[in-house]
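Listed in Swiss-Prot for this protein:
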- Cys93, Cys273, His298, Glu302: Zn(2+) binding site (BINDING)
- Lys333: ATP binding site (BINDING)
- 95-105: motif ''HIGH' region' (MOTIF)
- 330-334: motif ''KMSKS' region' (MOTIF)
- 1-43: transit peptide (TRANSIT)
Amino acid sequence: MAAAVVVRRAAGLIPLLSSRFGARMPLHRALSQIPPPRFCRLLSQQTKPFSASASNGAATDRTRELRLYNTKSRKKEQFRPRIPGREVGMYVCGVTPYDDSHIGHARAYVAFDVLYRYLRYLDYEVRYVRNFTDIDDKIIARANQLGEDPFSLSKRFSDDFLSDMANLQCLPPSVEPRVSDHVDEIINMIKQILDNRCAYVVGGDVYFSVDNFPEYGELSGRKLDDNRAGERVAVDERKRNPADFALWKAAKDGEPWWDSPWGPGRPGWHIECSAMSAHYLGHSFDIHGGGEDLIFPHHENEIAQSRAACCDSTINYWIHNGFVNVNSQKMSKSLGNFVTIRKVIEMYHPLALRMFLLGTHYRSPINYTIEQLNVASDRLYYTYQTLRDCEEICQHQQSNTGNPLPANTLNYIQKLHDEFETSMSDDLHTSVALAAMSEPLKVMNDLLHTRKGKKQDKRLESLSALEEKIRVVLSVLGLLPSSYHEALQQLRDKALRRASITEELVVQKIEERTAARKAKQYEKSDEIRKELAAVGIALMDGPDGTTWRPSLPLPEEEAVLAKT
C-alpha cells in the first residue's frame, strides 16, 4: 500500500513516496525534520487502532485533549486556542548570547520543542517565536572584557546556539527576532505606556511605574512590598518605587545606543519581549514560555508593560520549565556551575542528552549526573539497534501487506498509541511516553532474535508495523535520527572516546580473548571482558563470533541492576 507523504521543509514542500513496508529511509529522514501529522492520519486510515482524529483546531479523541499547567492559574487547564481554527501563537524567551549555552538552556528549549512538535502532531498550526536578546548589560560587559564589538560577540554566540539546537534536533522556530532589529517597535510601545501614564522619564531613562498597575504580582504571587527591583542592576534612587523597572536606559560611554524621544539610549531588559511578541503574534496570543526563573521579574514585568500599552493584552497560558541542578543547586552561568552543551556532546551523542532531559517531566527539577547520561545513552543505543535490526530484515525480505495484522500486534500498537497520547496530553509527560516504548521494543527483539519469535505468524508484518509506530513516537519526541545506522556508529564513537580507547584496540582485545578461550584460559578471557566492561564496552558472543557495543560502565550497570 503506497502513500504520498508530504513533508514541510525550509525549501518548501517536498513530496516523498514511501511504501509501508519498504524504502523507508527517505521517509524517516523527512520525519526527523518535522512531527508527522499527515503520516499519523495515513496510519490511522490503514489500521483501526489509529482512529483518533482532530478537526477545526480542536482534538476530538479524549486522549488527545491536551492539558497544560498554567503558571498563572496554578493548575492544569485544557488547552483551547484563543481563536479556534486559527494558528496557535507561542512565544518563548530566548538566550542572551554572551557565552556558550549550557544544558540548562537545552532543558528549556528541548521542552518547548516537544510542545511545538506535539501541538503540530495534534494538527494545530503553530507560529513559534523565540527571540535573541542581543542588547544586554552582560553582552556589553563581556565584549568590553574581550575587546570585541558587542554585536559581533552576540552574533557569534547566537550562531553557536543555533548549532547546538540543531544538534539537539530542536525544530527551528517560525521566527527568531533580535532585539537590535526591533528598536522602533520597542520605542513605540514605550510611548504607548507613557501615554497611558504607567511610566515616567528621569534624566533620559524611562521607568515603568508598578504603583500604576494594580494587578502587578498576579503571575508570581508576590506582594508588591516583597518584591525586589525588577532589574539586573542595583536599585536606582531616582525611582518612585524600588520595584519600578527600566523600559529605556540612557546612553553611556562605550555602549551601543539609538535615538529616541527621551534622548540616545537602549531598551531595558523586559520591554523587548513585550514589543517583539506583540509585533509577531499580536497583543493577545496563546502560549508564553520560559524557565521558571523568568516568572519574576521578567514575565511579571512583561505582563505589566504589555497591558499598560494595550489594555486588551492577554496571554492564555504561561508555561515554565524546571531547573537543571548540580548538587541540588540551579545550574547557571552566574553561579559558575554550568556545563555547556558543546562540552557534553563531545563525549555523548546529542540525542542522548535529549533523552536524558526528556526522562524527567519538564516542570520538575532534574539533577545532572554523568551516570544518568550514561543510562540515557545506553537506552538510546538499545532503541536504535532494535529498530535498525527490524529495518534491515524488513528491507531484505518480502512481507504480505494485504492481510490484517495479528491481534496481539494490534494490541501492542494500540496500547503504545494510547499510552503515548495519554501521557503527552497530560502536560507533556515525556518520561511516561518514553517508558511506553519499552514493551513494544521487547516484543520486536523477541520477534527478531528468539526461535519462538521467528516462527510467529506474520512476523515481518508485525515488525514493520511496530517499527512504524515507534518511529512516530520518536519523531514527536525529537529522537528520530536521520539514519539508525549512522546514529549507532556515532554512539559507538562516543563510547570509545569516553573509554579513551580505539576500536582497533577493542578488536585486538577481542582477538586475545578468543585465543584465550580456545586455549581454555577462561580466567584470562573473563579478565579481558571485565576490563572492557569497566569502561563501558560490552562484548557480545554469537554464532558468527564476538562483537562489541557501548554499555553502562560495569560499576554503574551493577548499581542500576541493584536498584531494579
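Counting starts with 1 at the first residue shown.
The backbone N, Cα and C atoms fix where each Cβ goes, and this holds for glycine too.
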* To do: Could you tell me how many residues in the motif ''HIGH' region' (95-105) are helical, how many are strand and how many are coil under DSSP?
  => 3 helix, 1 strand, 7 coil
* When the motif ''KMSKS' region' (330-334) is classified with DSSP, how many of its residues are helical, how many are strand and how many are coil? -> 0 helix, 1 strand, 4 coil
* Including all protein chains shown, what's the count of other C-beta atoms within 10 A of the C-beta of His298 (Zn(2+) binding site)? -> 18
* Asked: Excluding Cys93, Cys273, His298, Glu302 themselves, which residues in that chain have a Cβ inside 8 Å of the centre of the Cβ atoms defining the Zn(2+) site?
  -> His270, Glu272, Ser274, His288, Gly290, Leu294, His299, Asn301
* Structure fact -> Looking only at the motif ''KMSKS' region' (330-334), mean pLDDT returns 78
